[in-house]
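Participant: My questions will all concern the structure given below.
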Amino acid sequence: MGASMSGYIDCHCHISSEDFDKDLDEVIENSRKAGVVALVAVAEHSGEFEKIINLSQRFPGFIFPCLGVHPVQQEKGTQRSVTTQDLQGALPILHKYREHIVAIGEVGLDFTPRFLVSDEDKEAQREVLRRQAEVAKHLDLPLNVHSRSAGRPTIHLLKELGVQKALLHAFDGKPSVALEGVRQGFMFSIPPSIIRSDQKQRLVKQLPLENICLETDSPALGPEKQVRNEPQNICVAAEFVSKVKGVSLERVMEQTTHNALKLFNNLRL
Ligand SMILES: *[C@@H]1O[C@H](CO)[C@@H](O)[C@H](O)[C@H]1NC(C)=O
Ligand SMILES: [Zn+2]
């Protein structure tokens, strides 16, 4: 493998979060020092799209934008299930930036009970995911997928829609369901919070290294609960994967970066 492969790709992070407004340059510098060569910056709603595009222009060839509408939306300090109206507002902006993005995301299903007021909420989430899967197919881009308390419904819907390129981030479902995704060719990205999650450790044991990518989900899912996570912590995830799989750290770096570049076909280091 070429020299460009030696480094980590953080396949899912929220670098546009306000948590990074004050010290972004330092956060980026520290991630480079830790061996990160690219960040895939995901969006949750249309209000973030322009900021993410701007960041990708400020850090060209390092921050790669990924635009989409998340199944859970913030509104007036609370969280609610997504609606098709949320998507309607986002699609024109997403299309405007289509040449710049490496994936559609963060999209998916979140069936956490407190976000679901009725069964219609689940159907709306499915519809929003379906339509974004169509956009991804049309643009020949992968999906960057969130699923919480919805592992099986997410994998099954993606399969039903004929999705072939997807990254399941911080997957919280059963390994047996994840393996259905592996048979479909999906990648699974592992965050630093694996060090405190039995479920993620079991998942990594079952997943082939050929289907594993690395992520941080910064500022969430860090090694320590309630502490701001940063892309430099990708090493924590990599080291843990190396331990669980019984392979060298170098091998984990090479294979996960190879997997990420295969998935994000527009990402050029
Ligand atoms: C993005 O950059 C443009 C051009 O520099 C600027 O006008 C705009 O305010 C920026 N938007 C955000 C959300 O940062
Ligand atoms: Zn996320």
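Just so it is clear, glycine is given a Cβ too, placed from its N, Cα and C backbone atoms.
Remember, predicted model here, so these are calculated numbers, not experimental data.
Pulled from TrEMBL, these are the listed features:
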- His12, His14, Glu106, Asp217: divalent metal cation 1 binding site (BINDING)
- His146, His169: divalent metal cation 2 binding site (BINDING)
Participant: For His169 (divalent metal cation 2 binding site) and His12 (divalent metal cation 1 binding site), determine the Cα separation and express it in whole Å.
Facilitator: 7
Participant: Sort the binding-site residues His12, His14, Glu106, Asp217 by C-alpha distance from His146 (divalent metal cation 2 binding site) and give me just the closest.
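Facilitator: Closest recorded candidate to His146 (divalent metal cation 2 binding site) by Cα: Glu106.
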Participant: Once His12, His14, Glu106, Asp217 are set aside, which residues in the chain still have Cβ within 8 Å of the Cβ centroid of the divalent metal cation 1 site?
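Facilitator: In sequence order, the nearby non-listed residues are Cys13, Val42, Gly105, Asn144, His146, His169, Glu215, Ser218, Ala220.
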Participant: Once near-sequence residues are set aside, which residues in the chain of His14 (divalent metal cation 1 binding site), 6 or more away, have Cβ atoms under 8 Å from its Cβ?
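Facilitator: Counting only residues 6 or more apart in sequence, the Cβ neighbours of His14 (divalent metal cation 1 binding site) under 8 Å are Ala41, Val42, Glu44, Asp217, Ser218, Pro219, Ala220.
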Participant: List every residue in the same chain as Glu106 (divalent metal cation 1 binding site), at least 6 positions away in sequence, whose Cβ is under 8 Å from its Cβ.
Facilitator: His12, Val42, Ala43, Glu44, Cys66, Gly68, His70, Asn144, Val145, His146, His169
Participant: Including all protein chains displayed, how many Cβ atoms other than that of His12 (divalent metal cation 1 binding site) lie within 10 Å of its Cβ?
Facilitator: 29
